Every structure is written in C-alpha cells, then in structure tokens.
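K.L.:
Annotation source Swiss-Prot lists active site, proton donor at E62, citing similarity to another entry. Look at Swiss-Prot and you will find H60, C92, C95 tagged as Zn(2+) binding site, backed by similarity to another entry. The domain 'CMP/dCMP-type deaminase' annotation in Swiss-Prot covers 10-131.
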Amino acid sequence: MNSKTGPSVGDATLRRRIKPWEFVAFFNPQELRKETCLLYEIKWGNQNIWRHSNQNTSQHAEINFMEKFTAERHFNSSVRCSITWFLSWSPCWECSKAIRKFLDHYPNVTLAIFISRLYWHMDQQHRQGLKELVHSGVTIQIMSYSEYHYCWRNFVDYPQGEEDYWPKYPYLWIMLYVLELHCIILGLPPCLKISGSHSNQLALFSLDLQDCHYQKIPYNVLVATGLVQPFVTWR
C-alpha cells in the first residue's frame, strides 16, 4: 500500500474502501449524478461490524444489496441484525416497496438509512414510498456533517493526515433536504424545488412554502433554514 494512504495496512476493510474522489462526487448533495452509491454496515448481535459498498448496475443499488445479502447470509431468527445504509440517493418507490417486503420477511433485521439527496422527490409515488418506509419502522434521515465524517473515516481510503474530513459545501443545502424530508414524512405538499444545470449538473434550490409547512414542520428545522427567526428571551 502507498505510504501516503491513511488507513493502516492491517485494516481489514482497506480493500473494500472507495477512493476519496468517488465519495466526494457521489455524496455531494448539489451534484445530480445519475449513479447511486450505497455504503453499508451489517452487525449481527454483538459481533463486529461488516462494512462494504456497491453501486447501481443493471438494477438499483438497494436491490443489489438485498439479493446479495439473502444469498450469502445464514439467517438466525434468534439473533438481531442491524443494517445501516448511507445512500447517495433516496430509494425510489419500487425499492421502498422491496425494502418493506425484505424487512417483513426478516423481522429480526432493523434498517436505518442516511441519504445525501432525495430522488425525484416531487413524484408522489416516491414520496409515498418513503413515507411508508418510515411508518413501517425504518429510520430515514438526511446525512449531516457527522455522517459525512463517519463515512469518510470508515468507508474511504483517505490520504494520510486527512482523516478529519468535512464537506466543503454549505450546511444550508443539507437542511433544505431535511426540510423536504419532513414534508414527505408529514404528508405535506413539496416545498423544495430542485432544477439542474445541463452544463455542470449542479442543483439549483428554490422554496415555495405554504401555511401548512409553517404550522407542521418542526420549529428548529425552520430556524436552521432561515425561514423563521429564533425566539429571543430578554431578561
């Protein structure tokens, strides 16, 4: 291994790590890449965590994972299994349906999903699919800076001295996706509009909020996106 590479030679996950440029390109919330990257962790009971990654090929990355998982793993219904996904795009409605079917078949498995972007979030089928996933017990959250840092440390073959990676884009971009995910889960109309530039495939964000958004979206989310001013208590 090159001496300038960060993870140690004895790191068992080294061969399964992705390149730094891949991580930055796949998980930038403003870059509208067509491909999907899935970083995942699997933990059986008190055993060590298994980490790996895959991408969409002839089918979506989520389907690839579930097919590979069921083909290679021996299931013991008495042992709890926790799975964590870090996805560059949120699941489409068909993948959401397949995930619910997968979890129904394996009740000892729990799933948490962290996403960097919402996939065609204006489409009602995709919105309903995510909403039903949450209602079925799946944790879905937008990746924060801490998740980006965690993925960098555990999934990326980072250069020596650069183990403390933090994204260079504004936190507001993340909070805009957080805002829209709340709309989806609460069954509210879309408030975030995303358009892409054909020249560089970067997303352009705009907001269109209604009274229902101000009434039902958590106050701290509205403050974080600058939509309302925080309360000030005078003494």
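From the backbone N, Cα and C atoms, a Cβ is placed for every residue, glycine too.
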K.L.:
Around the Zn(2+) site formed by H60, C92, C95, list the extra residues of the same chain whose Cβ is within 8 Å of the site's Cβ centroid.
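P.N.:
Near the Zn(2+) site, the remaining chain residues are A61, E62, I63, P91, W93, E94, S96, A98, Y119.
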K.L.:
Out of C92, C95, which of these binding-site residues shows the lowest number of other CB atoms within 10 Å of its CB?
P.N.:
C92
K.L.:
Specify the secondary structure state of H60 (Zn(2+) binding site) as given by DSSP, simplified to three classes.
P.N.:
coil
K.L.:
Between 0 and 100, where does the mean pLDDT of the domain 'CMP/dCMP-type deaminase' (10-131) sit?
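P.N.:
So the average pLDDT across the domain 'CMP/dCMP-type deaminase' (10-131) works out to 88.
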K.L.:
For the domain 'CMP/dCMP-type deaminase' (10-131), give the DSSP counts of helix residues, strand residues and coil residues.
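P.N.:
So the counts come to 44 helix, 30 strand, 48 coil.
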K.L.:
Would you kindly give the Cα-Cα distance separating C92 (Zn(2+) binding site) and E62 (active site, proton donor), rounded to the nearest Å?
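P.N.:
Spelling it out, the Cα of E62 (active site, proton donor) and the Cα of C92 (Zn(2+) binding site) are 10 Å apart.
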K.L.:
Please list, in sequence order, the residues in the chain of H60 (Zn(2+) binding site) that are at least six apart in sequence and whose C-beta is under 8 Å away from its C-beta.
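P.N.:
Spatial neighbours, sequence-distant, of H60 (Zn(2+) binding site): T36, P91, C92, E94, C95.
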